[in-house]
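A.B. asks: After the structure tokens below, expect a handful of questions from me.
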Amino acid sequence: QDEEKWDFVLVSNIHEVGSREEIKRKKFLDELSKKDFAIKKIEDKQLYYGVRAPKEIFQKYQWLLRNPDSRPQNPDNHQDVPVTTRIRIVNFILQNTMTPDLEKLPDLIKKKVFKAAFPLHEKEGVWVNLDKNWARWRDIFHSQPIEDIRCYFGEKVALYFAWLGWYTCLLAIAALAGLVVFVAGITVFSSGQVSKEICEASTTIMCPLCDQKCPFWLLSDTCTYAKITHMIDNEGTVLFAMFMAIWATVFLELWKRKRATVVTNWDLYRWDEEEEELALELINNLQHEPQKYQHSYLRSTIVLLMVLVTIAVLIGIAHALVIYRVVAMALFTQSKVEFLREQANTIAVMTGAVLHYITIVIMTKVNKQVALFLCDLEKPRTFSHHENNFTVKFFTFQFFTHFSSLIYIAFFLGRINGHPGNYVRIAGKWRLEECHPSGCITDLFIQMGIIMLLKQTISNVVEYLTPWISHKVHKKPQCPKKRSMVVGEEEEVEDPCKNQWLSNYQLREVNVFSLFDEFLEMVIQYSFTTIFVAAFPLAPLLAFLNNLFEIRLDAIKMLQLSRRMVPRKANDIGIWLQVLEAIGTLAVIGNGLVIAITSDFIPMQVYKYMYSPCATENSTSVDCSTGYINHSLSVFRIQDFEPHTKVPKMLPDFVTDKIKECRYRDYRNANDYSYTAQFWHIFAARLAFLILFEHVALCIKLIAAWYVPDVPQSVKNTFLNRKHSNLRGEL
């Protein structure tokens, strides 16, 4: 039985005898034969070469590392080395075997000498277990068999699923809190004093939203929009933002504990990746010299400059989206269709969000190539260094792609657009957008909602359907053909390997990025659930529902629709932990800024305690925010419009005499349009709140990090006992 197991399969086209490809292929296979590899050839529409490594290689590995891998993980296998370790070693040797022409397997695949190289799925033992208890939709609420995943896919994949499961568990708490805040917002939906004032303001005439063809409008027209805004923008949101900052810290601290427990059970807590790589290099080639550590300031400077240029381009794309929305708004407001005219702002925001999603999809592909190019420039020492460098760069680019547009809406929209009579314009023509009188936070809510929904639904559907459809297409037509072929070829009586190799080859190709892409998707999602969560309290709920499906989706994809991944050893999730910690800090800053700048929370508090009836007349019977809307709108005299603005002729029917003035959202004096004292009060309060919020939140984060130890005491005690018994044994 052992003899029939093949570690790897190489696939090649049938080349003409004597052709360049055929000679290169022969040279490569000869090198493997010199290393005592067993090779079996099967001919079909392509050539398939099964490769099995000699036992000596694994004995050398065990002797060099004398590690816990020497005990079998699965009693059915009579091998000394677990299958995952076996595949990993063989993969390393295949990737690093050099032909006399100084070419390795990756070079040969590029030159079309070989088409693919992959380990085989073994549909027995652990695979059956995983298929039954893991890669099934019915197990959506069950825990995952992490130990089995490790035995089949290796530690790196097992840690990804352990992390994803842990993240999803803790998301349930955040999702519940977000839902409570959102529902509380809906219950105070109509009862809020501010939205009441907006709905009753049927005599407040607002300035036109564009230069041509836009009428004056009544503040009460936007009653619904105001109610929606106050459903999101209330005191509960501030507490929720605080809660999420603490949640992000506690989640990471608890994950560190969980990871310590898991890798201690695997005996990998003190595992040294560098030693592992050196051992594999020496097993492959005794004459190998280690590559030295190097650092070049010139190279680092060039890479840094190129990263900055790329980020500038990504921010430029965000500007393009802003320009699109400004122009779209101008066109919609002049449209013949009444619905487009009335909902111009909302439609511009929504189409802008869809366009943003499309740029995300396109730029992801571009960013990946740029990050790879920059990594090659840096010439990293080992594969893991290469992976870390790539991760940081690619994530940075993805972060700007996803968030630069949101950052504009959150912090700049409606703050840099000037005032009536002196608007800031793009190309001297189009006015920048304004915020709604009840605040900008709804725009941010819509944008985040659309991007999260599109990203999670479309991306997941594409991610699952592509391999699923290709799997179904490959599966169907071949059964009858295969049978007839076997009858035709007497000399090859139903080789048991043939079907297995063919079916594995037809599965979706996997590469080093397969797991990376899954991680990236989750980390971007984690950014959405923490960074602007103050504007979108439903983000954790959406993420939680998505992840329940994501775990099973990834399981089905890895087990049934893709070729087997080359297992990789790891004792943590690598550089992603630092990325997650950075996002946690950004989340505190982001939410502090959203509450201080985007939300109307601060202006309302300033009004309540300084200008409201409660503050001036000490009357407690009135709601303290009475009169806030009137107080937050400035007056503009119609005669001061810019010369090329057509003052609208269509005046609302209730006004008979000519309108002399209109209102707009800002704190400016009526005579010279300079800022009022209130503006500076609110500005100071915003800054004070921001500094206070960030410091309090960061202190709570630090306390939480100290309170929850990274490594559980049980793990420390395990090592203590081990050292003690080792020393006693020595004596």
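Backbone N, Cα and C atoms are what each Cβ position is placed from, and that goes for glycine too.
A TrEMBL annotation is a machine prediction, not a hand-curated record.
Under the heading domain 'Anoctamin dimerisation', TrEMBL lists 83-146. Taken from TrEMBL, the feature domain 'Anoctamin transmembrane' applies to 149-718. Per TrEMBL, transmembrane segment is recorded for 160-186, 237-255, 302-324, 344-363, 394-413, 523-549, 573-597, 683-708.
Structural setting of the listed features?
C.D. replies: Summarised as a single figure, the pLDDT of the domain 'Anoctamin dimerisation' (83-146) averages 89.
Sequence-distant neighbours of the transmembrane segment (344-363) (same chain, 6+ residues past either end, Cβ-Cβ under 8 Å): 209, 314, 317, 321, 324-325, 328-329, 332-333, 335, 397, 401-402, 405, 433, 436, 443, 446-447, 450-451, 454-455, 458.
Same-chain neighbours of the transmembrane segment (573-597): 159-160, 163, 237-238, 241-242, 244-245, 248-249, 252, 256, 259, 384, 387-388, 391-392, 395, 410-411, 415, 441, 444, 519, 523, 526-527, 530-535, 686-687, 689-690, 693-694, 697-698, 701, counting only residues six or more beyond its ends whose CB sits under 8 Å from a CB of the stretch.
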A.B. asks: Tell me the residue counts in helix, strand and coil for the domain 'Anoctamin dimerisation' (83-146), as DSSP assigns them.
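C.D. replies: Secondary-structure breakdown of the domain 'Anoctamin dimerisation' (83-146): 32 helix, 3 strand, 29 coil.
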